[in-house]
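Novice: Please find one structure pasted underneath; my questions will follow.
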Amino acid sequence: MNAPSPTVSAHASGLSYVSPAPDSPWSTYLSQIDRVLPYLGSLARWAETLRRPKRSLIVDVPIEMDDGTVRHFEGYRVQHNLSRGPGKGGVRYHPDVTLEEVMALSAWMTIKNAAVNLPFGGAKGGIRVDPKKLSLKELEKLTRRYTSEIGIVIGPQQDIPAPDMNTNAQIMAWMMDTYSANAGATVTGVVTGKPVHLGGSLGRVKATGRGVFVTGREAARRIGLELNGARVAIQGFGNVGSAAAELFAGAGAKIVAVQDHTGTMANPNGLEMGALIGSARLHGGVGEFRGGERIDDEAFWETDCDILVPAALEGQVTAKRARRLKAKMLLEGANGPTLPEADDVLAERGVLVVPDVICNAGGVTVSYFEWVQDFSSFFWTEDEINLRLDKIMVDALKKIWDTADRHRVTLRTATFAVACERILTARQERGLYP
Ligand SMILES: NC(=O)c1ccc[n+]([C@@H]2O[C@H](COP(=O)([O-])OP(=O)(O)OC[C@H]3O[C@@H](n4cnc5c(N)ncnc54)[C@H](O)[C@@H]3O)[C@@H](O)[C@H]2O)c1
């Protein structure tokens, strides 16, 4: 591959679409691949396969708006790697979504699915749109047309979308219905994260937060940190952050700071979770909560705490913030929250990072359970789901921890080593066609 230009984006320079723009999620992913190469032995011969998405589909999504005008939206579905099974990964609706971002997110899904040993490859999709500016009818039309356009590459055996940022169970229901209408049969297994009475799984909504808690609990045990009384700070109080917060509080930890887009609330004695969740639901964020003190957003990164959970956006933990963190452990609930330079700072400072590609894998694990349940039309209890999720996460982290000890590397590089070995072994065993 050509060396990536440090300053020029692929589009502006005429470089290949796989050449990364500086500081983009795709460049972060490529640098993570560079770091794992020395641990792949002879499999490194196949590593180029990880630097190129297998298939990238760009679609035009035209819809008639409520006022009679016609608007066109840009949509993507990227299947990064299918060596271990069908593609699996969410669909994001956001005005800033780009092909390059979707490529990175699909690549992280390849790594994540292999790290927890699910029989899936990695995929991701997105539409450049601000869904808050659409009516419900327009959102439904957009979703149905997008599903129809990507219908040539998705399917229960090909690629199974799921919710991501700004998409939810209702959007998955429309996707399932559109795909089924075109197929002439109800195909519940084409998407996961559906409503429970349409073939969705119990436990899916809180699964990512539960996985963050389980990996945090196991990592804490290994470093001798007692969860009962531990101080936890969380950025993001949405699906992932609030579910993780509830479980940590249930284990006796104190949630000493929570930040979302409405502000940062802190209480060194612990924020009361039931009341905080109620307030956040009522006011659309934590900013109005009366059971804590409002602090400056930047001060969040200096909170006196044992565990810090970024569970909101990409690129939040910069090198500058990493130097000021007081936590012993960082649990990456969000995808790509830590920049590569910050990773180095945290490693030097002895802060343990449980990386996104294992820490937030609870969601896709229960998505896998949903897909299995849809195929067999036999549904499990929530207790069964939570127990199986716990076991998969504990086993995966153990293997990663052993690999980190053996190679004396960070958990991130160890997770990539475990995952890439599985992906490239599959690639090698399948062989190249023709
Ligand atoms: N939901 C899942 O199953 C799942 C699975 C794997 C990874 N993730 C990742 O976890 C992260 C959060 O996802 P989610 O499903 O909880 O989303 P969500 O939309 O439910 O919640 C996002 C949270 O981030 C907060 N936020 C937004 N902008 C912010 C800002 N500038 N500063 C501080 N907080 C801000 C929002 O207020 C909200 O509380 C994303 O990176 C997502 O890709 C989610």
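Note: Cβ is positioned from N, Cα and C throughout, glycine not excepted.
Copied straight from TrEMBL:
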- Lys88, Lys112, Ser367: substrate binding site (BINDING)
- Lys124: active site, proton donor (ACT_SITE)
- Asp164: site 'Important for catalysis' (SITE)
- Thr208, Asn239: NAD(+) binding site (BINDING)
Novice: Cα-Cα, whole number of Å: Ser367 (substrate binding site) versus Thr208 (NAD(+) binding site)?
Specialist: 10
Novice: Counting distance between Cα atoms, which of the recorded positions Lys88, Lys112, Lys124 is nearest Thr208 (NAD(+) binding site)?
Specialist: Lys112
Novice: Could you state, as a whole number of Å, the largest distance between Cα atoms of any two of Lys88, Lys112, Ser367, the listed substrate binders?
Specialist: 13
Novice: Out of Lys88, Lys112, Lys124, which has the highest number of nearby Cβ atoms, where nearby means within 10 Å of its Cβ, if these are the recorded positions?
Specialist: Lys124
Novice: Are there any residues at least 6 positions away along the chain from Asn239 (NAD(+) binding site) with a Cβ closer than 8 Å to its Cβ? List them or say none.
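Specialist: Counting only residues 6 or more apart in sequence, the Cβ neighbours of Asn239 (NAD(+) binding site) under 8 Å are Val205, Lys206, Thr208, Gly209.
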Novice: So for Asp164 (site 'Important for catalysis'), how many other CB atoms are inside 10 Å of its CB?
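Specialist: Other Cβ atoms within 10 Å of Asp164 (site 'Important for catalysis'): 23.
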Novice: Measure the Cβ-based neighbour count of Thr208 (NAD(+) binding site), defined as the other Cβ atoms within 10 Å of its Cβ.
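Specialist: I get 26 for this one.
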Novice: If you take the centroid of the Cβ atoms of Lys88, Lys112, Ser367, the listed substrate site, which other residues of that chain have their Cβ within 8 Å of it?
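Specialist: Nearby residues not in the site list: Gly89, Met109, Asn113, Leu118, Phe120, Gly122, Ala162, Ala361, Gly363, Val364, Thr365, Tyr368.
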Novice: Based on a Cβ-to-ligand 1 distance below 6 Å, what subset of the recorded positions Lys88, Lys124, Asn239, Ser367 would you report?
Specialist: Asn239
Novice: Would you count the other CB atoms within 10 A of the CB of Ser367 (substrate binding site), including those on all shown protein chains?
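Specialist: Result for Ser367 (substrate binding site): 28 other Cβ atoms within 10 Å.
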